[in-house]
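For reference, TrEMBL has these:
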type	residues	note
DOMAIN	42-142	domain 'Fumarylacetoacetase N-terminal'
DOMAIN	149-418	domain 'Fumarylacetoacetase-like C-terminal'
BINDING	ASP150, GLU223, GLU225	Ca(2+) binding site
BINDING	TYR152, ARG166, GLN264, TYR268, THR374	substrate binding site
ACT_SITE	HIS157	active site, proton acceptor
BINDING	ASP257, LYS277, THR281	Mg(2+) binding site
Amino acid sequence: MLAWLAKAFQRSTLMKKDIMQTNDPTLKSFIPTPPESHFPIQNLPFGVFSTAADPAPRVGVAIGDHILDLAAIAEAGLLNVKPEIFRQASLNAFIALGRPTWRGTRAAISDLLRADNLQLRDNQALRAKALVAQDQATLHLPVEIPGYTDFYSSMEHATNVGSMFRDPANALLPNWLHIPIGYNGRASSVVVSGTPVQRPNGQLKLPDAEAPVFGACRKLDFELETGFIIGQPNALGEPIDIANAEQHIFGMVLLNDWSARDLQQWEYVPLGPFNSKSFATSISPWVVSMDALEPFRAESPVQQPEPLPYLKQSGKNGYDITLEVSLKAGQSAAPQTICRTNFKAMYWTMVQQLAHHTVSGCNTRIGDLMGSGTISGSTPGAYGSLLELTWNGKNPLVLADGSQRTFIQDGDEVAMTGWCQGDGYRVGFGAVSGKVLPARG
Ligand SMILES: O=C(O)/C=C/C(=O)CC(=O)CC(=O)O
Ligand SMILES: [Ca+2]
Ligand SMILES: [Mg+2]
């Protein structure tokens, strides 16, 4: 027993040391990363990529404007994980190896990429094999996603939508302050950044009409969100305790929960969104580990009334992530920023969402995706959807080229980006983007 305890203690202190070393702001890689790069040595997010020369998808880590091919590095005997774990079209096999392996692998990669480590730096043959320029690679959906749930955790967003769709005098529904509200989304239509999004068809009820009509969505919108990926599943009937919830999270991505507002407003009562959010959800290709995000923990808003005991959290469970949305109007050359906000203002935290999701006994699986809910700040420029930015079309956005937008038009491209600002470096998420194609005729 004592020996076991001593070993567990040694393992946990080793792990803490690993994170502290990998997150050291003074660390430098031999791959140059300017201060605004999203992928310095302090980040090392995991993804899946392929190249024209080797079209088989495999696991890689982003470093500067390159990708480190983990299959090639493991084949060279430089990682404690079998190469076949990385010769996969998703991260799931790697994630299944557990948190000590995620951590140990990130630490080994960090070591290998250090400016003062000659092992890879001065091995031209291995560099040629294992380092791929990002612009020469195709990035794939990083995770096989068995289930997708979307939460509703921004008080500002819930208040804004409540005002527009329901009653401005009672915008926030009474359950909202007690429950991290969510709905079960569609995992089948989660796509990776860059995948075009077809405008959905569906039922619409026009303002003064008696009956609905069938047609193309006229109020197509984005929702700025982050998502987290389940790394350690829980069994059916065994809820995840909030104190351990973080251990179950592999990492985070950016997420665009494309939304058809006209379909939504007609269909959502009383069971919630269905076709209005089932046609596409885009995520960024790089999964940023919770270890890389550790230095950017932030206080989340004070919760009043106090949540029930199973939702009581301790410590800082928010994260300081700057987020931006840009819109590139079909005809214009340049994208224009239309929203700037921060993830730390979210009322319900990821650990609360996970504790709530499983409190019924609901199980989760490796790769399950949990959307944060739309991330809206308190000022109009910080609203995370066009529904809010244009107040349901009443106040169109005027773009730099003079054109106006209430909702997304065919040919428009929406891109989201996000990063944590360190001292002289950024731990970033890259981007999630998607161009809208006309509805099926
Ligand atoms: O308030 C409503 O009726 C609906 C809000 C949403 O659009 C649902 C949703 O996707 C949750 C979110 O992103 O916060
Ligand atoms: Ca959403
Ligand atoms: Mg969606």
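Just so it is clear, glycine is given a Cβ too, placed from its N, Cα and C backbone atoms.
Checking the binding-site residues ASP150, ARG166, TYR268, THR281, THR374 against ligand 2, the ones with a C-beta less than 6 Å from an atom of that molecule are ASP150, THR374. Neighbours of GLU225 (Ca(2+) binding site) among the binding-site residues ARG166, ASP257, GLN264, LYS277, THR374, defined as a Cα within 10 Å of its Cα, are ASP257, THR374. Listed in chain order, the extra residues whose Cβ falls within 8 Å of the Cβ center of the Ca(2+) site residues ASP150, GLU223, GLU225 are PHE151, LEU224, GLY227, LEU255, ASN256, ASP257, SER259, THR281, GLY371, SER372, GLY373, THR374. In the domain 'Fumarylacetoacetase N-terminal' (42-142), the DSSP tally of helix, strand and coil residues is 43 helix, 24 strand, 34 coil. Neighbour counts of Cβ atoms within 10 Å were compared across the recorded positions HIS157, ARG166, LYS277; the minimum falls on ARG166. Considering only the binding-site residues ARG166, GLU223, LYS277, the residue whose Cα is spatially closest to the Cα of HIS157 (active site, proton acceptor) is GLU223. The Cβ of THR374 (substrate binding site) lies under 8 Å from the Cβ of TYR152, SER154, HIS157, GLU223, LEU224, GLU225, ASP257, GLY384, SER385, each of which sits 6+ residues away along the same chain. For the recorded site, ASP257 (Mg(2+) binding site), the DSSP three-state label reads coil. Neighbours of GLN264 (substrate binding site) among the binding-site residues ASP150, LYS277, THR281, defined as a Cα within 10 Å of its Cα, are LYS277.
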